[in-house]
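*Asks:* Have a look at this one.
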Ligand code: SF4
């Protein structure tokens with residue numbers, strides 16, 4: 001795909017999605033980090049429902065630690081893998097207090113050293129909380145990047161590197177949310193909505209849904 005087409009794709013996505021932001025509810029980088037950890041194999045909606053009760057009682061690492069693993073489980077038991085998530089979150093809060101003064105670090109290596117935080121979660125926090133030009137590739141972005149031809153790749157890492165290398169500068173910061181929301185609502189896994197897709201003429205997917 002050439003640079004002009006790539007730019008046009010992002011321009012159109014930006015027009016179609018005027019507010020490219022996370023659908024998770026949070027008020028601080030710490031709350032975003034917790035919401036992202038909880039969202040693994042869970043829906044944003046389900047996470048928001050749990051954190052609407054959790055964050056008022058445990059808005060900070062110290063308060064979360066005071067809640068304890070068992071206390072935390074009560075708030076998140078409707079979410080998949082809640083036992084291991086509760087364990088990771090409590091260990092993470094302890095580390096945040098011991099090593100980072102209760103703040104969420106801004107460096108990738110420090111983020112990835114926290115329990116339950118992998119590359120994808122670190123990328124989301126760096127991009128969404130701190131405005132870094134990182135692109136966390138989830139299942140939606142992986143699909144959209146491959147179908148459209150924006151950044152074909154067999155692995156998440158390949159797609160991430162492809163997107164970081166080729167996304168037009170003006171869109172690097174918003175690319176993550178533009179592509180996620182496009183994948184979630186238009187370029188859906190089954191039966192993508194090609195007839196109403198704003199980038200249909202630019203997309204290189206050979207098996208588009210017919211009108
Ligand atoms: S045209 Fe279809 S396959 Fe291409 S991006 Fe749009 S919805 Fe996805």
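Glycine is treated like the rest: Cβ placed from N, Cα and C.
Heads up, TrEMBL stuff is auto-annotated, nobody curated it.
TrEMBL lists these features:
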DOMAIN    38-185  domain 'HhH-GPD'
BINDING   187, 194, 197, 203  [4Fe-4S] cluster binding site
*Asks:* Which residue among the binding-site residues 187, 194, 203 has the fewest other Cβ atoms within 10 Å of its Cβ, if you could check?
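*Replies:* Selected from the binding-site residues 187, 194, 203 on minimum Cβ neighbours within 10 Å: 194.
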*Asks:* Far apart in sequence but close in space: which same-chain residues, 6 or more away, have a Cβ under 8 Å from residue 197 ([4Fe-4S] cluster binding site)?
*Replies:* 186, 187, 203
*Asks:* Where does residue 194 ([4Fe-4S] cluster binding site) sit by DSSP, helix, strand or coil?
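*Replies:* Reduced to three states, the DSSP call for residue 194 ([4Fe-4S] cluster binding site) is helix.
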*Asks:* For the domain 'HhH-GPD' (38-185), report the average pLDDT of the model, please.
*Replies:* 95
*Asks:* Which residues, same chain and not among 187, 194, 197, 203, have a CB within 8 angstroms of the centroid of the CB atoms at the recorded [4Fe-4S] cluster site?
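*Replies:* Leaving out the recorded residues gives 147, 148, 186, 192, 193, 199, 200, 205, 208, 209.
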